[in-house]
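Listed features, source TrEMBL:
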- C:231, C:236, C:239, C:247: [2Fe-2S] cluster binding site (BINDING)
- C:6-97: domain 'FAD-binding FR-type' (DOMAIN)
């Protein structure tokens, strides 16, 4: 069902939801940017609709509300292991279509690839999703080409139109709540973009053979291996385990996992020294082919959702979407080398 | 030709080596201006000067080849620039007023530069409004970060931006980028403790490299602005020397006060017989002793708790006097 | 919360065997099913968790051979008997012994690569009728790096064992790389040969090449890969190569599949 609500009325709805859920949305962190006197937009708790930043893309995706950047798995002492209390309160996440599509990618790794991850499962089941409609794409977006511009997996949607919030609420549990606060009920369909300025075409005949292409070499000198592209990505899921020892004998402490980046040093190190991918070009190739090929081979669907955050975040102006568009050239190169 | 050269100098014109010709000196506080003023400067140079403009060491323009009799007309054409740059002007329409206190210079600051910790031009203009015009010989410069591109340690007052970094522990991914940047580019103020950076506040110079290099925004800048204030660097024919640290983690208001207090101190202690009535402040401090200067400088100054006063201060430098 | 794969269990340390200055085998109490080539995530005090191959399987015990890393002191390793360690696992596919039954099996291993194949050797050395012939070529850097010294002399009574060191062999040990002994391998029926190769990347690459030169097909070769497996359950991503997760799909691969894995 669809509803129109004033900002005041939606605030009341938020107040009601807040009893049971924390509300997470892209919000402003004034002067939170890396450069002085710049702001940062990222996910954080909100209490009113005005706090949601609509005119700008959040630098980091919503995934940190589901997969904490740093998460304690358990505490250990000499004879026992103690799991930390999990947050009981649920969360309502405000996100755009591309980001909601990322959920399916996260689920694939954490619920389907090998045994279920209990921490993920617990948190996942407590999340509800609010779709923020997109009237215009941002310049780096390429959701249409990735098929992630539309979604129906939301609990309710949110669009600002004609001085009112237009809401589509398929979640029957919340329909009464909206009905109580609506100025009118009418069919609402969330807005979505149908074309983007950035275009991407991943070739259908892409195979792992492009590993042999020379296009990756360019990134050896351009990429600085900082990992920003991974950390802002809604579909990157890698982590590293850390053991903290509270005592000198190493028998009491805690184990946590923290986000990891396949672009940064250390990711592919093996015991006894050595690293599987030393150069940034190799790491770029590893990342790009995971997003555009390897993940799909395993799951049947593309990993990248076309949010464009990696392009926005790269301090060296390396464009992931541009790299994807170079793949046909790489295929051609590899094929012609093999023909010789 | 009868020219009052003292009055002419106070009006920001120069006695040049060419008899009958003067040069107009246009100060740009903070070194940043709307591009439209450039065409006005061009017009003056082409109408009354020799068609050339010099970019000065202190971020101004100097238009040479102006006949002395054209000074009023030049002043008239300067008025929109003076108004536009919001220059303190004792007599409206009478051109720039020049003085012992030199143009306040600034690096490009955080309008453009990623390293800068503050808006250098805005702070320069604030000081300009408080001290100009003034006969006392003060040189003040501002730079955005400890890189000191503006070479503020060559000035009586050097103002260097500092960032107080803060770490949101739970966002840290232990990538080590901050630690590496601090070690390679700065002072190695960060060490790893339990996979996360620990900042040595004694060592940290507030360059902000940790914040700039953090890929997850775990490091951010304390929104308060902090500055390193250096004192009494100078060039010249006796004893050139670099300015020394006076206050670390100072705030903007305190710096304003210290500068104004220093004007009072100099007025009180200056050698009135000095050539041209000008004496570098450092020589005065050499005479009165640093403690006396400090007493004047810190009058009614309330620094933030994080501020660190360096005392006593000793200067090194090169002495040409043998 | 549901069954938590990340939570380790305590296992008693039955015995600690010191092989070299830095390498020790911990014989741990373990009652579940486990195959050679599988691995456990072992919580090493003062260090953290590390994937360790099962180097031996006994009656209610497993062996875990651990190389001392970083600044971890001897003390931890030597005062442990009777103590307990946190483990989780076993993870990975391990070697399927049926693949080698009735074959002329050659095992080529380098350094700690001997660990994952030790169980395979042990099994066939005790069940010789299950196999046509059994050869092991094992290489170590120097005599002081040799692991499982006693095993080699035990195995050599039943199987052909070539133990070689890179240098410093003196009169007691052969010197040279494992690859030097591959061309001279004897097979009664080449089509019935099988080979397992485990060790450092370069050693594996050259050994596989030598085996192919000797006439073995890709389909007759198995490998076991060592990667940084943080979680062991397909989540952390460190061990992924292409669409393969070494911790889930490996670490043992038929070479026909393994050769396509490019890091």
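Going from the start of the chain as shown, residues are counted 1 onward.
Just so it is clear, glycine is given a Cβ too, placed from its N, Cα and C backbone atoms.
Remember, TrEMBL labels are computer predictions, not curated facts.
Shown here: features listed in TrEMBL, placed on the structure.
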| residue | record | CB count, 10 Å |
| --- | --- | --- |
| C:231 | [2Fe-2S] cluster binding site | 26 |
| C:236 | [2Fe-2S] cluster binding site | 22 |
| C:239 | [2Fe-2S] cluster binding site | 27 |
| C:247 | [2Fe-2S] cluster binding site | 29 |
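With helix defined as DSSP H, G or I and strand as E or B, the domain 'FAD-binding FR-type' (C:6-97) counts 6 helix, 48 strand, 38 coil.
Using a CB-CB cutoff of under 8 Å against chain A, the binding-site residues that qualify from C:231, C:236, C:239 are C:231, C:236. A mean pLDDT of 85 is what the model gives for the domain 'FAD-binding FR-type' (C:6-97). Under the DSSP three-state reduction, residue C:239 ([2Fe-2S] cluster binding site) is assigned to coil, being neither helix nor strand. Within 8 A of the CB centroid of the [2Fe-2S] cluster site residues C:231, C:236, C:239, C:247, the other residues of that chain are C:227, C:228, C:229, C:230, C:232, C:233, C:234, C:235, C:237, C:238, C:240, C:245, C:246. Secondary structure from DSSP puts residue C:247 ([2Fe-2S] cluster binding site) in a helix. DSSP assigns residue C:231 ([2Fe-2S] cluster binding site) to coil in the three-state reduction, placing it in neither a helix nor a strand.
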